[in-house]
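Undergrad: The structure that follows is given in the form of structure tokens.
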Protein chains: 4
Amino acid sequence: MQHYPKHYCGVFGIFGHPNAAQLTYYGLYALQHRGQESAGIVTSDNGHFNEYKGMGLVSQIFKGEALSELTGNMAIGHTRYSTTGSSHIRNAQPLTGNCRLGRIAIAHNGNLTNAAQVRDELEAQGLMFQTTVDSEIVLNLLAQPTLGGHDNNLIETVRRIEGAYSLCILTERELIGVRDPHGFRPLSIGKVDGAYVLASETCAFDLIHAEFIRDVEPGEIVVIDKNGLRSIKAFPEHQRRAFCIFEYVYFARPDSTIADRNVYKVRVEMGRELAREHPVKADLVIPVPDSGNCAALGYSLESGIPFEMAFVRNHYVGRSFLQPSQLIRDFDVRVKLNLIGNLVKGKRVIVVDDSIVRGTTSKSRVNNLKEAGAKEVHVMVSCPPHMNPCVYGIDFPDRSKLMAANHSLEEIRQYLNADSLHYLSQDGMVKATGLPKSNFCMACYDGNYPVKYDSMVDKHIMERRVGKPHGLGEELKKEELQKQLL
Amino acid sequence: MQHYPKHYCGVFGIFGHPNAAQLTYYGLYALQHRGQESAGIVTSDNGHFNEYKGMGLVSQIFKGEALSELTGNMAIGHTRYSTTGSSHIRNAQPLTGNCRLGRIAIAHNGNLTNAAQVRDELEAQGLMFQTTVDSEIVLNLLAQPTLGGHDNNLIETVRRIEGAYSLCILTERELIGVRDPHGFRPLSIGKVDGAYVLASETCAFDLIHAEFIRDVEPGEIVVIDKNGLRSIKAFPEHQRRAFCIFEYVYFARPDSTIADRNVYKVRVEMGRELAREHPVKADLVIPVPDSGNCAALGYSLESGIPFEMAFVRNHYVGRSFLQPSQLIRDFDVRVKLNLIGNLVKGKRVIVVDDSIVRGTTSKSRVNNLKEAGAKEVHVMVSCPPHMNPCVYGIDFPDRSKLMAANHSLEEIRQYLNADSLHYLSQDGMVKATGLPKSNFCMACYDGNYPVKYDSMVDKHIMERRVGKPHGLGEELKKEELQKQLL
Amino acid sequence: MQHYPKHYCGVFGIFGHPNAAQLTYYGLYALQHRGQESAGIVTSDNGHFNEYKGMGLVSQIFKGEALSELTGNMAIGHTRYSTTGSSHIRNAQPLTGNCRLGRIAIAHNGNLTNAAQVRDELEAQGLMFQTTVDSEIVLNLLAQPTLGGHDNNLIETVRRIEGAYSLCILTERELIGVRDPHGFRPLSIGKVDGAYVLASETCAFDLIHAEFIRDVEPGEIVVIDKNGLRSIKAFPEHQRRAFCIFEYVYFARPDSTIADRNVYKVRVEMGRELAREHPVKADLVIPVPDSGNCAALGYSLESGIPFEMAFVRNHYVGRSFLQPSQLIRDFDVRVKLNLIGNLVKGKRVIVVDDSIVRGTTSKSRVNNLKEAGAKEVHVMVSCPPHMNPCVYGIDFPDRSKLMAANHSLEEIRQYLNADSLHYLSQDGMVKATGLPKSNFCMACYDGNYPVKYDSMVDKHIMERRVGKPHGLGEELKKEELQKQLL
Amino acid sequence: MQHYPKHYCGVFGIFGHPNAAQLTYYGLYALQHRGQESAGIVTSDNGHFNEYKGMGLVSQIFKGEALSELTGNMAIGHTRYSTTGSSHIRNAQPLTGNCRLGRIAIAHNGNLTNAAQVRDELEAQGLMFQTTVDSEIVLNLLAQPTLGGHDNNLIETVRRIEGAYSLCILTERELIGVRDPHGFRPLSIGKVDGAYVLASETCAFDLIHAEFIRDVEPGEIVVIDKNGLRSIKAFPEHQRRAFCIFEYVYFARPDSTIADRNVYKVRVEMGRELAREHPVKADLVIPVPDSGNCAALGYSLESGIPFEMAFVRNHYVGRSFLQPSQLIRDFDVRVKLNLIGNLVKGKRVIVVDDSIVRGTTSKSRVNNLKEAGAKEVHVMVSCPPHMNPCVYGIDFPDRSKLMAANHSLEEIRQYLNADSLHYLSQDGMVKATGLPKSNFCMACYDGNYPVKYDSMVDKHIMERRVGKPHGLGEELKKEELQKQLL
């Protein structure tokens, strides 16, 4: 599904378990959908850190001996999203460093909105940076000397950064979880065999038989050490809540539970809402597997139109090295999903999916159905149209490439060659969650950005800031040097 | 799904297309479910053969330059099943050789039942064998001199072998398709851009936009060369039909059509039959994804009980190097399928799958449901119990490991900790296909083997035939040698 | 030294040692100079054969677990030379097969001169071939039924093949060594810990602390089994001897002893002969390391002119992936050997090497010396000029590319830009060995080929034999078939 | 030669050449003997840095596309020595960072003696470190804000560090070379195609046809930019010279010239001195190839005793994965050097090498000679015994493992089982260089360390500094935090 937006990351942490690295590995495995570019694990073993990072999928990176060398009973892990550009092992997380407070490692999900400014300030103080990711700023802030004596770096750090961040931080003796005051990204607390675990999503707890305890609250810092878990509120209360509603719609796994709502159920409910808002006469409801499964089921249940899985997944795609073929029309679509033609022949078909980002894939699918003899094809999308880019950690295309931002509903329908096209409304989407609208960031739908952002903010910022070449030798004046030498 | 039976192979062939190797690659890609151990492609380019074989998945083997070096407008390809034992690149197909008739390559799906005997005869004539697979016997038979003058090797060869075989044979100027007289394994003919294609299943045609023409008939040889396709009937008529019914139940992809029956539809119908035969009061019907999807849908449609996809697949498993964990109970099951616990809490649940071979996986799933709070768990299987091994090309466990062959229904139910356990009847299964029972081989269910077999016949036969060590130097008597030398 | 001729192979065998595979590995390691393209080991363990082959150097192929899986107390091994064309893992040796006499493996050094003819005969009998190497013919001959009863296959086989062959053959209970009646290639017998070993060169014995026993005689078959070693003379006496003199000059390692002559000493003697035949006034004698070391030392000792190692080897070249650079003139030469310029400045220099095959390297070296300020450069070669290709197992260039076959001495001298150029005479070369001229094959120098050869004989013969494409289906006549079927 | 001391590194830099990366690659290739653990190249292309680093040999790291992506006309490169412990890609050089002065990369040869102290100071200022190598301290010092205005960071930096350093620094627009005021390690300036190059040794210039210009002076900084080369003297004059004499004895390549002395000639002269100091009656002088070649030649020339290369190198060792064998006595020695036994049988032999570090290898060699029948074996070493560790960049064993530091000459002779054992004297060694003793650091021989050093200084310092585990959350007092929040 390469045309879909990709999430920045998944994070995981565990404290006080003899198999910390292995459980972190399983946790990352369950969070693989949040990033397939790179992954890493750092463990802390009596003040010594062990780390292993690599490009690719979790299961490809941690082969053979790699895990067994990650000794220690505390660990954090990270999966990172796949894109080109700044895709480099150097940018893989967790990031680690050695400073006056000993070793520190961080894993970050989200996007800082004032990264460039803070980095400029730190560089002016003489700091060097090794990567182009905003997360390195957090790492360096943690190392700064505290000027007063009444507080500590952790609080200083989170007050200096803005935007979206769910963090797992590992020190020589603590696991720390942090969630930004708006709660853009999820972060949950669990427990297994008496050890605390942190994870971006609860599906990671299920795999390791961990018990879900509660979500980290927006603006909360949880410090886990041998004395247990302490909670610190680092911000004044009554901050604007801004949980990313797209996690419910698309990103999170259906088996995760966020803010007490099971994602699968929310999605089925979105399908029901869709059926209520847009009833259409048809013979079949077909999901685009697996992304449209829940909503299609909801649509079928609400409308009474039979549900048929007419698209068959090829289970062996995914991590292939298969090149899109010049030879075969609609190859990208067909290689993943084959249509069972005689199920749809002569039928009026409703196809349900959770998003249309660029449209070429959807167009191929409609084409596929029509060639197989479908009499009508109605396309249903279980969320509203995406109109705006995300600046809080999701890699949507630029606005110029967002279909709905540049074309009317009718234009899109014609492009897709569909008989009708329907999106779920913003209200319908919120209603399906059962939570108040004020809880959410819906900027990608409504343009209402909860935290202001530097217009330059984006993942390539660090790389682009190139002016005239700098040097070291230039300011040296020979006469002054001579004076010194005498 | 490692406990499930594995199919021997998928075969593919194409004649007269400028992109023969690339289309074969896509064809094998679509047939990947028929074998994941190894794959290979051989092309014929003006009498020169190019070949490339490797261990692993099609997409892992044919990277980079490999395909572009497979020049020529004729090709055959093969995917082979995964097991240990004789899993070795040497046994990967297509097998090739150079003989008095030039170069020959073959790709074979099925299992010969008189392999050991024929091989003994050939060895006595002075032939050497390089592999331990029965298919090499076919290759060598093709190279034998014809003793009479009125016939040719092709006919001689198929008359000398017994058992199950669907073959694609490539010579320096022909593509040949062969199906044994009982038609155990499928083989279909298609056409794309004017070129003939052969494939184990029609889903391979869909991916490359080939048109389905017809199935190769049991006992038919089709010779495709520059003059087109000629059909030869190599056997007297009225042979016993014996198509493997398990292809409909389990092996074939749902989007394939065999003997004019779409596999998806047959499976939905099996689910309906199951509901008719075994009505149970319940709140939910849950498929084991994706193997139980069709039958669960059929059960739900027939019974009116709501269909819920409560097991969520992890899309990143499959080709992983993940080791089964000692740490985590039911790990194998959980890592692939996570249960959405609060869907089933307090509910009476029907779980549908297409087979129970060894039972440990099913037991874990029932366990999973009960832990999540399901009130009742009813297990439904969309085919009858497997009682017997297959000798025609499917790698079932030995009878000693087939659960149903050694335990009563009630014992299995207790082992699974299910509230009830139901299998589809043999008649119900046949009825769902809409074809007469006499068309099928159902030996794995009813023990009625259509072709007699050597009791030793199995894939390891060649390796086991070790008696006292042989040698070359033993018979030499010095005095006789001296005479010669004088 | 890529422009130099490459030897076909090195062979090794061992019988009755608990660490057979490991000692074979070390043996191949010591024989690595006889072939760097591929290597393989086959062991025999109570009738079961284990084999492992790969492309590249012995130390690259047998990593990790590979050796430990090669169980059994009998083994043979092979290293193969590097070239393009038929460089393919399929052609790597030992070759193995399974026949009426059980399993057989062979490792072959040399080249058959009647390969094409014998292969045609075998194909006519219905045999298939898997490779394009002549050694497969030997393997298949061994599997043939013996027609009479008084003799055995081994004798039949060696009498049917012609040309150069030193063989190690492994059966389920024997190790067999064979040397052709002319003794073209070396093969020696040793003993370690009570176990017999066979090796192309005695340097392999030194590494494993084996004691040298004797050479296998030309025309001798040695059969080693649990009863010890039996010797069989398969040919009438008084065959023409034809040991390859180039083994002494160039191929064999200086620490090997062949026919009781230590190769190092023979080469020093060649240098002395060179000094006697071609005295030159000079200040320094410089070897091309390491190939010219011995002869340069001999020249220096005989002439009294000081020996200086002015060319310094880079120890890190050899197996590199370094591409010849367009950027750097004489790169190939410089990257391997750097000249210490101020040793030769203003001096008259004699450079000694063991051959000039194509001349570009030598030219670069002279150039190098002149640029560094050498006053005179005299090039000395410790053997006569090569005028003819080898058909007995050495991969010389075609005659058209042999410098001396196409140019006068004076032309070559001018091309090299040397002040003088001298080759050792044929008589001088033979004299240095201390053996009679009649013992040797010197065909590459004198054109006198001891065994006649098919004009097509060369390593690509099997691949080139492509006429009009063959097929299987052609001869089939429908009416005749019908008759059969009735 | 794994028992020998290993040099830390080789450095290379080039400014203003269109093929900067490729020439750096060749330069590193020629400097491979100075480090085989890892290597890296960084280029600067209009303010953008490209880097590629890897573990292993230069030729293994820079395959395929790697070089072509290193665009830009300025580059530095580094090869690093091989050991276990802190052998990690993270520690591979050049090190790079992004700071207020833009991008900076450094490549360092040598060892700082005040690293721990400076690092503590920098950490107290809030800096983080990514590696455990002292070179990162230099990188961070360069990024510090200059507090006065009359000077620059480069001067500040070199005045703050102590010990041994030859540096190549790359900025966005400059190549900078720095050599410590004592001149411990070599660094030379050359020119090719109008572009300046820097290299640890002149042999790197030869390979790329660069002209040698001069050495960088002790205490000199050379800044090379588009305006040419400027020289800065960063230290008062009359610093103690301390060039490492072991570079002449062992480390540098014989084809390099350092301080106007050709290394080969110095080594031959050391052999002559050895013959003058320790005349012995013998029949042969044998070098340990290639390390003892020059000195053995010198000994032979001075003594008149014939030179014989009785040890034959196996050209295929070196980068192998061969495991030292339990099976074979003296395996390590034999696999690299095979003795030609009948050269030494009954002879009195002098063996010459450039060092004896731990002695096991030498002992094996003497053993080897005696087993082959040598009547007497005299061991000659072309430098004095090593008594002390090096703290300026050479990885000698601890004093406890230095043979000569713990045993008398007679004890060592007995251990080696040699008939006599002789080392060159300190004065003889110095005399052979033709330079005054005051030019050299000879601490490893005489214990006279020219620069004081922290007793902890060694390559593992950073890793060992682990006290009680640090943390971030500890100092936080809740009541104070609450005040802040109000």
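Backbone N, Cα and C define each Cβ position, glycine as well.
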Undergrad: Looking at TrEMBL, which one out of B:S291, B:S300, B:S303, B:S408 binds Mg(2+) in the same site as B:D353, B:D354?
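TA: Site partner of B:D353, B:D354 for Mg(2+), according to TrEMBL: B:S291.
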Undergrad: Could you look at B:C168, B:C383, B:C390 and say which one TrEMBL places alongside B:C244, B:C441, B:C444 in the [4Fe-4S] cluster site?
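TA: Looking at B:C168, B:C383, B:C390, the one TrEMBL places in the [4Fe-4S] cluster site next to B:C244, B:C441, B:C444 is B:C390.
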Undergrad: Give me the CA-CA distance between B:D354 (Mg(2+) binding site) and B:C9 (active site, nucleophile), in Å, as a whole number.
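TA: Cα to Cα, B:D354 (Mg(2+) binding site) and B:C9 (active site, nucleophile) are separated by 20 Å.
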Undergrad: Across the domain 'Glutamine amidotransferase type-2' (B:9-227), what is the average pLDDT of the model, as a whole number?
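TA: It averages 90.
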Undergrad: Enumerate same-chain residues with a sequence separation of six or more from B:C444 ([4Fe-4S] cluster binding site) and a Cβ-Cβ distance below 8 A; give 'none' if the list is empty.
TA: B:F246, B:H386, B:M387, B:N388, B:P389, B:C390, B:I394, B:F396
Undergrad: Given a separation of at least six residues and a C-beta threshold under 8 Å, show me what packs close to B:C9 (active site, nucleophile) in the same chain.
TA: B:R34, B:G35, B:H78, B:T79, B:R80, B:Y81, B:Q93, B:A107, B:H108, B:N109, B:G110, B:S200, B:G393
Undergrad: Can you tell me the CA-to-CA distance separating B:D353 (Mg(2+) binding site) and B:C244 ([4Fe-4S] cluster binding site), as a whole number of Å?
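TA: About 19 Å separates the two Cα atoms.
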Undergrad: Round to a whole number and give the Cα-to-Cα distance in Å for the pair B:S291 (Mg(2+) binding site) and B:C244 ([4Fe-4S] cluster binding site).
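TA: So the alpha carbons of B:S291 (Mg(2+) binding site) and B:C244 ([4Fe-4S] cluster binding site) sit roughly 18 Å from each other.
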Undergrad: Identify all same-chain residues not among B:C244, B:C390, B:C441, B:C444 whose C-beta atom falls within 8 angstroms of the centroid of the [4Fe-4S] cluster site's C-beta atoms; report them in sequence order.
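TA: Result: B:F184, B:I245, B:F246, B:Y392, B:I394, B:M442, B:A443.
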Undergrad: Starting from the Mg(2+) site formed by B:S291, B:D353, B:D354, give every other residue of that chain whose CB sits within 8 Å of the mean position of their CB atoms, in sequence order.
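TA: For the Mg(2+) site, the extra neighbours are B:Y250, B:P287, B:V288, B:G292, B:A295, B:V352, B:S355, B:V381, B:S382.
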Undergrad: For B:D354 (Mg(2+) binding site), name the DSSP secondary structure in the helix/strand/coil scheme.
TA: coil
Undergrad: Which residues in the same chain, at least 6 apart in sequence, have a Cβ under 8 Å from the Cβ of B:C441 ([4Fe-4S] cluster binding site)?
TA: B:H182, B:F184, B:A242, B:F243, B:C244, B:I245, B:Y392, B:Y449, B:P450
Undergrad: With H, G and I counted as helix, E and B as strand and the rest as coil, say where DSSP puts B:C244 ([4Fe-4S] cluster binding site).
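TA: It is in a strand.
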Undergrad: Name the residue among the binding-site residues B:C244, B:C390 whose Cβ has the smallest number of other Cβ atoms within 10 Å.
TA: B:C390
